[in-house]
Amino acid sequence: MKTLALMSLFVLTSLNALAAPKTVTLEVPTMNCVTCPFTVEKALQKVDGVSKAEVTFKTKLAVVTFDDEKSTVKALTEATTNAGYPSTLKE
């Protein structure tokens, strides 16, 4: 019985590790004014699973933290593109 309890605990702990938030940086080169980041940030925050989005005009970068079980990088780049600001994953 103890073995079963330990194995169950291990499995549950492993599942939590898989659901860890993921952070990516997107390049958004078409931002051309200081108000553009607000539009990009708002679009990213509407994506399911996004917990944080920080967009900077000076660097033209968006740093996004999201749950990769609920969303994808493709969904993030589509959101910025649909808002008028195409983006790509910064490698």
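In case you wondered, yes, glycine gets a Cβ from its N, Cα and C as well.
For 1-19, the entry in Swiss-Prot reads signal peptide.
Residue counts for the domain 'HMA' (22-88) under DSSP, split into helix (H, G, I), strand (E, B) and coil, are 20 helix, 21 strand, 26 coil. Summarising the annotation, Swiss-Prot assigns domain 'HMA' to 22-88.
Residues or ranges marked as Hg(2+) binding site in Swiss-Prot: Cys33, Cys36. The local packing around Cys36 (Hg(2+) binding site), expressed as other Cβ atoms within 10 Å of its Cβ over all shown chains, amounts to 18.
This prediction places the mean pLDDT of the domain 'HMA' (22-88) at 98.
Neighbours of Cys33 (Hg(2+) binding site), defined as other CB atoms within 10 A of its CB across all chains, total 8.
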